[in-house]
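*Asks:* Once you've had a glance at the structure underneath, I'll fire off some questions.
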Amino acid sequence: MVFVFDMMQKRIINRNLSTYLTIFKSLYIRGGIRQAPYALEKMRKAGFVLNAYSYNGLIHLLLQSGFCNEALEVYRRMVSEGLKPSMKTYSAIMVALGKRRNTEMVMSLLKEMENLGLKPNIYTFTICIRVLGRAGKIDEAHEILKRMDSEGCGPDVVTYTVLIDALCNAGKLNDAKELFFKMRNSSQKPDRVAYITLLDKFSDRGDVESVRQFWNEMENDGYDPDVVIYTILVNAFCKAGNMDEAFATLDVMKKQRILPNLHTYNTLICGLLSVNRLNDALGIFGSMESLGVKPTAYTYILFIDYYGKKGDCKSALETFNNMKERGIIPNLVAVNVSLYSLAEVGKIGEAKEIFYGLRNSGLAPDSITYNMMMKCYIKVGQIDEAIKLLSEMIESGCEPDVVNVNCLIDALFKDGRQDEAWKMFHRMTIMRLVPTTVTYNTLLAGLGKDGQVQKVLELFESMTRKGCSPNTITFNTVFDCLCKNDEVDLAITMMYNMAELGCCPDALTYNTIIFGLIKINSVHRAFWFFSQMKKSLYPDHVTICTLLPGIVKDGRAEDAVKIADNFVNQDRVCVDGAFWQDLMSGVLSAAGISKAVVFAEELVCNRICQDDSVLIPLVRMLCKHKKALNAYAIFEKFTKDLGVIFTVETYNSLINGLIDIHQMEKAWYVFNDMKTAGCAPDIFTYNLLLNTLGKSRKLKELFLLYEEMHRKGCKPNTVTHNIFISSLVKSNDLDKAVDLYYHLVSGDFRPTPCTYGPLIDGLFKSGRLEEAKKIFEEMGDYGCRPNCAIYNILINGYGKMGDVENASLLFRRMVKEGIRPDLRSYTIIVDCLCMVGRVDDALHYFNELKLTGLDPDLIAYNLIIDGLGRSRRINEALYFFEEMQNKGLCPDLYTYNSLILNLGIAGMVEQAGKILSGKPDSAYAVYKRMRVGGCSPNQGTFAQLPN
């Protein structure tokens, strides 16, 4: 047999799987081709000496059978024997390792190949780029591309397409576009696959402009669009919300006799549902079969998902059942999507119905299905039910996996049930599950959140002792706990030891250490770590936003400016307005307004940031704290002295702040400056000023500004119309307000509760009860669901009219419709009931208020104290008087006047005196306490004191 095998090698006769299995059998080796690494030793002893060709073939056989690790062992043996694997063998192993995301081994093989004198070719480099790209290591993939150019091994169209795909997946669309044009300018021209890749990725982002650009390039290169490419274009329009263009594309397809397929129609349905055009989506769905395209489970899933997210679980279930009735058996994927969408809106009952109905469909839940259902329970806070489901899963014979248990441990920690989380962790041993790095990371994060430094360290040591290798996330989780608890030195020591456990610090590692050092005011060391980080990693936005606030606080604004300058000029760094706002928010918080203004000025003067991004947080913060005049001073300085052009966002913040402190003259000045500077006011700007004019009942100026807004091409929105309705009501033009409302709803206006509130309130106050009821009842006809504020207006309206029956009915209706009453709801109903002497009912609602978890405020206590006092239930009134003070609420003039009046009327001199101060005259005792408490009496107080 040895002789035959050797002859086959020399004559290069194919040696297939049967060849090796026959040899294994003769050597009494069982277990099939997977035993090749073990078998090779026995084969050599028996005289079978493999040459390079045989080794290459054996490695390919192992890879084809899915035994990647064994193929690697054979490869190692081959190299150790001084034989050189072929390029094809290296490529095959790299592809197999790439599918497992083992980038380190792929890059290691690339080096080994070169060490053996083999020069990587285009195919090899492309494999490396694909593997790195799929692992998200874009920078390293770019380096391979540069290396190809430098080594004279220019990339081909496949190489470019692979990297373009990776860049798009990483969200680096601009880089992908840049690479595409680099490819066009090279000798390699894009093929159909390259165009489809680009179109598909940019389509998913809704970047219609880029899709059109690539489409034109594709047609110029002679590629005619087919159904796949047209569907991608339809998808782009759908993602951008431009459904008219999507349908126009469908018409073009039909004119060119390119028939839309199932994917085309599913894309259209998905797009329509994303813009809430349900009826149009249902229309397409209903016509699909007549067009020769049968809906699949995925088509139904689109509708189920839509209904679930809209809270219409009845329709979701009907669609699910309709799918089954049409003979389309829902697969587990369909069930999982349905369960998840139902859980998102908290409809656990319907989710359970689908889950437990699986068996009737002949499907058995797998671990993923159970995991989805557990997540359903967890999302609605029913963690105990999720734990019960784990037991049910085991009893049904479905073995749980680590993912299921990790999900439960995480939920228990987040719910503050640490002890139970640990019990679940220890239960894994019984379930014969080995904790993974994710398990330990979850536990470490839970302990770290509670600041349990010692336990975090003990668990980390236990993890490594039990053979579970930590990853960089593990270290970062530990460092986060240490740095937040002022143990940054220990974190630094552990960081230096990361390499021993096969881990490398990443940007988050350095960011966490820098955060810890800044937190303990060790700015110099933080700066040193930042310098070390730059030797191997690129600082990111978080790095800068963590470091610079500390440096500015330390009085080193110039150093901070230099760092910012270097960062923004760093390769592959995209600095936008959001970055500057985050940075300045951090500086403002750490260093205060004065140092923040100086830093912002330096950034502008050094031309590092030349727009108003650095000023937005300053203006917002000052306006929020009623210091809009200071913000105005900054506005003056930066616009007039430094030439900064403000954007509409900053103008709006400043105008809003000035209006808030009643500086209307300056607000109008800023508004006019805005227009003079060429910054067009947006709808938010106009609404701010329109609302102010409306509140001031300046209707003439209101309509003049509205006309200006129209002339400038600024289209009014719902808020604008609501402002006009409210303004008309405030100016006692109620009929005009009602007319405007009906005019608006006859068009495409979609009213909100803010539309109805002023109308209903105004009609009630004018005694036009029937009209108020009519408008309230028709809210649903216009797709507007009443909220708590609307019910409060109605309850208050009926209550003020003395109709407490209807007020109480409305309160109960609100609760029945799932709208939670707020503090004002309870205060209104208590006031209404006290006004008509139904104090027991008022007490019921007052006590219910406390049971809901809401804390009664001073107004609520005043109303119940007054109501009880007027009903001569003085002892109860005094009880609540003491209770409110025990809760830290200070009585006001209303409280004291009410008590003095009612105590005087009741004549409870001795008893009340003992309760209040031990002195005989209770009304005067209340008066004395009132003066001591710093509450000045008024004429009403003296009038209520008994003679």
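We count from 1, first residue shown onward.
Placed from the backbone N, Cα and C atoms, the Cβ positions cover glycine too.
Curation does not apply to TrEMBL; its annotations are automatic.
Found this in TrEMBL, in case it helps:
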DOMAIN    39-193  domain 'PROP1-like PPR'
REPEAT    86-120  repeat 'PPR'
REPEAT    121-155  repeat 'PPR'
REPEAT    226-260  repeat 'PPR'
REPEAT    261-295  repeat 'PPR'
REPEAT    331-365  repeat 'PPR'
REPEAT    366-400  repeat 'PPR'
REPEAT    401-435  repeat 'PPR'
REPEAT    436-470  repeat 'PPR'
REPEAT    682-716  repeat 'PPR'
REPEAT    752-786  repeat 'PPR'
REPEAT    787-821  repeat 'PPR'
REPEAT    857-891  repeat 'PPR'
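Locate each feature and note its surroundings.
*Replies:* Proximity of distant same-chain residues to the repeat 'PPR' (86-120), defined by a Cβ-Cβ separation under 8 Å and at least 6 residues beyond the stretch ends, is recorded for 52, 55-56, 59-60, 63, 68, 71-72, 75, 79, 127-128, 130-132, 134-135, 137, 140, 153.
Remote same-chain residues near the repeat 'PPR' (121-155) are listed as 87, 90-91, 94-95, 97-98, 101, 103, 106-107, 110, 113, 162-163, 165-167, 169-170, 172, 175, 186-188, 538, 572 (criterion: CB distance under 8 Å, separation of at least six residues from the stretch ends).
Long-range Cβ contacts of the repeat 'PPR' (226-260) within its own chain (Cβ-Cβ under 8 Å, at least 6 residues beyond either end) map to 195-196, 199-200, 202-208, 211, 215, 218, 267-268, 270-272, 274-275, 277, 280, 291-293.
Across the repeat 'PPR' (261-295), DSSP helix (H, G, I), strand (E, B) and coil residues number 26 helix, 0 strand, 9 coil.
Looking at the repeat 'PPR' (401-435) alone, the prediction's average pLDDT is 87.
The DSSP breakdown of the repeat 'PPR' (436-470), given as helix, strand and coil counts, is 26 helix, 0 strand, 9 coil.
Same-chain residues lying 6+ beyond the ends of the repeat 'PPR' (682-716) with a Cβ under 8 Å from its Cβ atoms: 648, 651-652, 655-656, 659, 664, 667-668, 671, 674, 723-724, 726-728, 730-731, 733.
Across the repeat 'PPR' (857-891), the DSSP tally of helix, strand and coil residues reads 26 helix, 0 strand, 9 coil.
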*Asks:* Do any residues, 6 or more residues outside the repeat 'PPR' (752-786), come within under 8 Å Cβ-to-Cβ of it, and if so which ones?
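*Replies:* 718-719, 721-722, 725-726, 729-730, 734, 737-738, 741, 745, 793-794, 796-797, 800-801, 814, 817, 819.
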*Asks:* Just give the helix, strand and coil counts over the repeat 'PPR' (787-821), going by DSSP.
*Replies:* 26 helix, 0 strand, 9 coil
*Asks:* Same chain, outside the repeat 'PPR' (261-295) by at least 6, Cβ under 8 Å from its Cβ: which residues?
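*Replies:* Distant Cβ neighbours of the repeat 'PPR' (261-295) are 227, 230-231, 234-235, 237-239, 241, 243, 246-247, 250, 253, 302-303, 306, 328.
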